[in-house]
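Please read the structure below before turning to the comments.
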């Protein structure tokens, strides 16, 4: 049966988490709030709108819609100033190798990311050609943990949900994959990925034969 592989972007293919953290921390400072790394963990895999809403909740602040939009714009501009400096050296260990193997075997490969900057980042690091489908924050309405981004990716790959393997580094993404009835593979710290079906420290630990045998 046809199998598809769906990758999150931030923290899975490239490590842009520190870029997001730097930018959101500046936003939080404007609101008189200190954003910690622990707070930032709760923003991983979450849309820009939801991230700002969470920061406002933590800061116990309310802002006008105009200010809300301005804060989001400033955050993204700050983030993009960092992103445009990215190169292939920012690809996480093992990613190129696994993408190359999956591509050579003819598997469908999709990106399923909340980031509206996903196409730019893939272009900057030279990985765009590996992906048959890119579903990002510009293509879906609901953010993770809603499974919409993964469901749309599976549909565009022409693969049923149960035959999709999703690579994620965030709780919200793992929840989305599980809700969609897909095979969730967590990457990174297992403490944050307890609901993933499988967890690996990085792609360097994953064999292609293992992925080919996965079933829900």
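Start at 1 and count along the chain as shown; that gives each residue its number.
Glycine is treated like the rest: Cβ placed from N, Cα and C.
Unlike curated entries, TrEMBL annotations are predicted automatically.
As annotated by TrEMBL, active site, nucleophile applies to 8. The active site, proton donor/acceptor annotation in TrEMBL covers 10. Annotated Mg(2+) binding site per TrEMBL: 8, 10, 168, 169, in sequence order. Annotation comment: TrEMBL describes 8-10, 24, 43-48, 51, 75, 113-117, 144 as substrate binding site.
With residue 48 (substrate binding site) as the anchor, the candidate recorded positions are 8, 10, 168, 169, and the one with the nearest CA is 10. Straight-line distance linking the Cα atoms of residue 169 (Mg(2+) binding site) and residue 116 (substrate binding site), rounded to a whole number, equals 18 Å. Cβ neighbour counts within 10 Å, taken over all protein chains shown, single out 48 as the most crowded of the binding-site residues 48, 116. In sequence order, the binding-site residues near the residue listed as 'active site, nucleophile' (Cα within 10 Å of its Cα) are 45, drawn from 24, 45, 116. Cα spacing between residue 45 (substrate binding site) and residue 10 (active site, proton donor/acceptor): 8 Å, rounded to the nearest whole number. Fewest other C-beta atoms within 10 angstroms, among the binding-site residues 168, 169, are seen around 169.
Listed in sequence order, the residues of the same chain lying 6 or more apart from residue 24 (substrate binding site) and placing their CB within less than 8 Å of its CB are 35, 40, 43, 51, 55, 75. Here the CA atom of residue 168 (Mg(2+) binding site) lies 17 Å from the CA atom of residue 116 (substrate binding site). Residue 168 (Mg(2+) binding site) sits 9 Å from the residue listed as 'active site, proton donor/acceptor', taking the C-alpha atoms as the reference points. Note: the residue listed as 'active site, proton donor/acceptor' has non-local neighbours 16, 17, 20, 44, 45, 113, 115, 169, i.e. same-chain residues 6+ apart with C-beta under 8 A of its own C-beta. Other Cβ atoms within 10 Å of the Cβ of residue 113 (substrate binding site) number 29 in total over all chains. Those residues of the chain, other than 8, 10, 168, 169, with a C-beta within 8 angstroms of the mean position of the Mg(2+) site C-beta atoms are 7, 9, 11, 12, 44, 45, 113, 167, 170, 173, 187. For the recorded site, residue 10 (active site, proton donor/acceptor), the DSSP three-state label reads strand.
Other C-beta atoms found within 10 angstroms of the C-beta of residue 8 (active site, nucleophile) number 29, with every protein chain shown included.
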